[in-house]
Amino acid sequence: VNRRVYLGSTLYFDIPTEYIQSINPIFILVLTPFVNAWWRRQSKRGSEPKPLTKMAIGCFFLALGYGVLVLAELLASAQGPPSNSSGSDSESALESPGTEISPAGEEMSVHDKVSIVWVALSLAIATLGELYLSPVGLSFVSKVAPSYMTSLAVGCWMLASFGGNMLAGHLGTMYPYMSHYSFFVTLSLIAGANSVILALVSRPLSKMLAL
């Protein structure tokens, strides 16, 4: 991602990584009222999806969000691979407005990177998927669990979230050993597969649980 923003031919600043991390919470605050309003509108029309269907839609949005990163990687690859450098070349690159140093010590031209807009778009779509998945799943578990087991069911949901975060961490360790394209395609396929599975079981489970 090109984190360098130019204010002129020579004046520029780099967007800190921490700022990028704040994009997701911002989108949560911005999108939540619109999603809730959309669901209320669907409910009045009698067309609001079942909880499992909402979760399937959420996984689809997650797959779509990673798909945006796949397209961004294809665009970056088309612009040309980063050049390698070390020693004094790396030190001089720090002073050059046209280059950045990667964590691996590689000199990377900002022209070989894609706009941060791609990351923002990916996070916006993924956040929409998160809103369709996380709170809906918690509400679903609380609704279908027997009253005397609600706390246990919610605890199991949290435990499942913990397992998902652990799995995400393990998948993240594969990033340095895979091409960016393969990594994002893998994540997109995993989310897409979950979407298909939830869509297939939504109707029979909804009937079984009288939702």
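The backbone N, Cα and C atoms fix where each Cβ goes, and this holds for glycine too.
Whatever TrEMBL says is automated annotation, not expert-curated.
The compositional bias 'Low complexity' feature in TrEMBL is assigned to 83-96.
Feature annotation from TrEMBL assigns region 'Disordered' to 82-106.
Per TrEMBL, transmembrane segment is recorded for 20-39 (among others).
The annotation transmembrane segment is assigned in TrEMBL to 51-72 (among others).
Long-range neighbours of the transmembrane segment (115-133) within the same chain, counting only residues 6 or more positions beyond its ends whose Cβ lies under 8 Å from a Cβ of the stretch, are 1-3, 15, 20, 23-24, 27-28, 31-32, 35, 54-55, 57-62, 64-66, 68-69, 71-72, 75, 191. Annotation comment: TrEMBL describes 115-133 (among others) as transmembrane segment.
Packing against the transmembrane segment (145-168) from elsewhere in the chain are residues 134, 137-138: each is 6 or more residues past its ends and has a CB under 8 Å from a CB in it. Per TrEMBL, transmembrane segment is recorded for 145-168 (among others).
Cβ atoms under 8 Å from those of the transmembrane segment (180-201) belong to residues 52-53, 55-60, 62-64, 66-67, 69-70, 73-74, 76-77, 129, 171, 174 of the same chain, restricted to positions at least 6 beyond its ends. The transmembrane segment annotation in TrEMBL covers 180-201 (among others).
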